[in-house]
Ligand SMILES: NC(=O)C1=CN([C@@H]2O[C@H](COP(=O)(O)OP(=O)(O)OC[C@H]3O[C@@H](n4cnc5c(N)ncnc54)[C@H](O)[C@@H]3O)[C@@H](O)[C@H]2O)C=CC1
Ligand SMILES: O=C(O)CCC(=O)C(=O)O
């Protein structure tokens, strides 16, 4: 870890992600000389390549604006690089490197042939007009197109990038290359997208949570759930929880959280989806639409008593103290919808309290899994039916759960899902790398 820190100065998120994996891998490879001798972990923690580029665009007043864009291609040992694109002012190389590193393990866990990558720009979509967003997406793709391809690297959405942005980027890719291929996922249904891709991450996280509870002979009926975020992952996680009979009492954004003790309903969730996706409003306005709910400015929802918690907003949004509050209030299970939302101290609190704790690379893999299914449909030039896809998503999440149990079951039957996910993902990618020799 000293070497990782030295080679990646000023990249705290990346070092944190590697540390969390290394804690488990050191133990696993202790008596396995090949992984050691071939420096497999060190090689996975060194991206294959990072492309960094200038993105120029004109705002509506005619001012020239300059942003920085990246694509981190972390590892393609088991398939083409695959992972989302994030547009947010906090995006930098450290954040994208951690996300691409995590993605490598996550994609391996799905059982589908996908390597790990991630990209994005320090562009803030908030307050921008649709035309500004379109010009930015086109300019971003004007550089990115030469680094991606259906068998090379297949980006998708992430924070700040949804179906609208994917449409603008796909249109620009097609215009430049004249190729209609499955180069992006999360596309609209009219031009090669897959049914249930928008729902898949949130639904998958709830399926994984249900799998963990089932091991303890429990289910979601009547459970109180606390969720952070109010975007794609959070709203679809809420929807599936409500369908499974849970009472979801919070949602949040970067300004604070709403507490609705009566619980969300499908009508309320539909309102939030429209509010965030079309009106582009703040979650604070929920309390005007649904009196009985309260808004808590500048706070996170982790102090609200619950049985299960799903952090679905962003990295490091749940600290060691937050984890202690959740445990003290009786929370028995946590499923990470976001990537690395719990910091290292928080992970240690959950592990020592023996809380059922599913790391993002396992719990939120349903999104990229259905992206993988979108790639298969594009290759076949066919569209599969919703019922088939729903079943495949459930089966994939159950498979990930089994892999975590296989490598994570420890003393007294406690399943360390972090260890299980890290070791299972590492083994699959590492074994492929061993087969290739030193490359
Ligand atoms: N969209 C997908 O399919 C997948 C997304 N993820 C992860 O899920 C998380 C959420 O992504 P999406 O829902 O897709 O994005 P989104 O753009 O639809 O929503 C992001 C949400 O997080 C909130 N947020 C952002 N920064 C915040 C902060 N500092 N504090 C509190 N809230 C904040 C936003 O207000 C928004 O509600 C991210 O960590 C992403 O990497 C993981 C797997 C797949
Ligand atoms: O669907 C994809 O390729 C990307 C999903 C993603 O970015 C993630 O799993 O964090």
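Cβ coordinates come from backbone N, Cα and C, glycine included.
TrEMBL names 82, 103, 106, 157 for binding substrate. Of 297, 319, 352, 371, the residue it gives for the same site is 371. For residue 103 (substrate binding site), the spatially nearest entry among the recorded positions 118, 158, 232 is 118, judged by CA separation. Residue 106 (substrate binding site) and residue 201 (NAD(+) binding site) are 12 Å apart (CA-CA, integer value). Put simply, the two farthest-apart Cα atoms among 82, 103, 106, 157, 371, the recorded binders of substrate, are 16 Å from each other. Using a 10 Å Cα-Cα cut-off around residue 158 (site 'Important for catalysis'), the recorded positions 82, 106, 118, 232 reduce to 118, 232.
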